[in-house]
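Asks: Quick one: structure below, then a few questions.
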Amino acid sequence: MAKKECVTKCKGESSMLRNRRGELQIGEPKSPVSTHHESTQDSSKDNRLSEGDDQSSNGTLAQYDHNVYSPNNETQSTVYFLVVVLLSFSTRFYKIKEPPHVCWDETHFGKMGSYYINRTFFFDVHPPLGKMLIGLAGYMTGYDGTYPFLKPGDKYEHHNYWGMRGFCASLGSCLPPFAYLTVLDLSQSSTAALISPAYILLDPILMFFIMGSVLCMVKFNLQISRPFSAPWWLWLVLTGVNLSGALGVKFVGLFVILLVGLNTTWDLWRLLGDLDLSLILGSTSCPECLGLSFFPCFFILSHVSSGPGDGFFSSAFQSRLIGNNLHNASMPEYLAYGSTITVKNLRIAGGYLHSHWHLYPEGVGAKQQQVTAYLHKDYNNLWLVHRPNDKPDLVRHGDVIRLEHKETTRNLHSHRHEAPLTKKHFQVTGYGINGTGDPNDLWQVEVCGGRKGDLIKVLRSKVRFLHRATGCVLNSSGKTLPKWGWEQVEVTCSPYLKETPNSQWSIEDHINTKLPNISLAVLKPHFIEILLESHIVMIRGNSGLKPKDNEMNSKPWHWPVNYQGLRFSGVNETEYRVYLLGNPVIWWLNLLSLGLYLVMVAAASLALHRGVHFYLFNPLSYGMRGPLAHDPASTMAGLKWMDSWEF
């Protein structure tokens, strides 16, 4: 084989494939000058080939000539692509207005789109881009933001909802074309590339940006031999734009950033020592800058008026919301006895000290009135400040006070019964009637970092409440209570006296007609502080989500096998019903393909350990390395790997 010519056919043309060792031994005699000149060319050529051995040997990064594909193949691929686009859009826009009522999560995301149109602040566990786009689509198609989106099954009546559905359907319709182009660029096979959402949801928007990121990454990899060209820059920047879009819709977008990051890391390793600043600029800095730009838009669109999400954020954050009671607030500066106040925990999303008429159930400490932390503005957050002898005065560091719940007239109380969820802490309850109780109702006020006699400033002082009888400190654990506690946040009395945000509180609302009001110059937070707080609140809100009782919940092993679907349009409708179920053919074929892939990887790994090497495009070229490569008894003895694709 080393001294013979191997004649192959490629696209109907004869090509000569020679081993370099044979080229040195066979041929016409050459003069020393010509021999030296050609050997120098061969040496430089060999160096170029050796640099690309790792790329050409596995076939993944080998360069190819796009001109080898005939115009007929290009026309065929174009026809296939147009068919995919037509089928994708037609199936998703078919009866886009049906059913004419709210379907499942349209309750949330349609309502949030209305909030943006009306510029009403709200809280959600996801980044803002997806809801802003839904609101923009509704606004551009004539929706006025007045529909309440109360519950699934409510009729839309005369409200113009189709624009928001059409926007989500448009992005969902782009997924099959994106998948087609991605597989076509990876495989250069239209057959392989041929292997379907219409409701107001974040999922089609998220998948659009994820698929767009992967497609742009593949397109960019095809331009790797043309660095700094216009197409190179185009696909690089588009990759960053799509990455920022994916992260701006849901935090799940971090996973596609990880995928592109691994691809970028491989490229940087391969180009180690080159000037790769532009690569980092496009694929890393671009999504970060664009991702941050969504949040100024978020506050511009939503900070005009306060809304249902105010209570999740700190007092300083709320002071920026027009219409909030803290915006340009005017109230007595120092806390006094006889005042009506709200007490807010300083932990991010810690909530307001809250009580209501409901009692703790049997078996959960003493059967007394519940005291919780509530994340929303509410009348049951109001407390009256009393001192044991009712002498009027300003409250100072070290004073002993009683906090009486204004609605139920019960005192804030603690005792040595264990807390409902945090068993090492003591239970906090509401006890007594009309302000009468016992010594377990007394709390000592301390200003964090203060000294005895210091006054307590509203909004600005960080205070702690130490229980006189047990020596514990009033604490918000951050844990969500069960149904009997209305899924509010647990409040305990912690025996651990270390200062933490969970045990620190601030006086937010302060009403006292006997004291003069002043305009509080609240230090408004900077953008970075707002950005960090909003992300922390979103992450904590997301982690605090719990499945509700009697809901149809899925388990992880259900997902790959398409075990069951989901009733999507409610259960009480009689006209149209939507049942959400993955396409069984595609779902199970994907599962089968993944299983076959794992089997193939295991078989290839076993073969490599036995000394059998990878076969590349048999019978064009094949070879063997390892201890059996030179064994005369081997059927592959003497066969070598091809060094170049230049026939």
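Glycine too: its Cβ is placed from the backbone N, Cα and C atoms.
These came from TrEMBL, pasted as-is:
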type	residues	note
COMPBIAS	35-51	compositional bias 'Basic and acidic residues'
DOMAIN	332-388	domain 'MIR'
DOMAIN	392-448	domain 'MIR'
DOMAIN	453-510	domain 'MIR'
REGION	17-68	region 'Disordered'
TRANSMEM	198-220	transmembrane segment
TRANSMEM	232-259	transmembrane segment
TRANSMEM	585-608	transmembrane segment
Asks: Based on DSSP, tally up the residues of the domain 'MIR' (332-388) by helix, strand and coil.
Replies: 3 helix, 27 strand, 27 coil
Asks: Helix, strand, coil residue numbers for the domain 'MIR' (453-510) per DSSP?
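Replies: Helix, strand, coil within the domain 'MIR' (453-510): 6 helix, 27 strand, 25 coil.
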Asks: Looking only at the domain 'MIR' (453-510), report the model's average pLDDT.
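Replies: That region's mean pLDDT is 91.
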Asks: Could you break down the residues of the domain 'MIR' (392-448) into DSSP helix, strand and coil, giving a count for each?
Replies: 3 helix, 29 strand, 25 coil
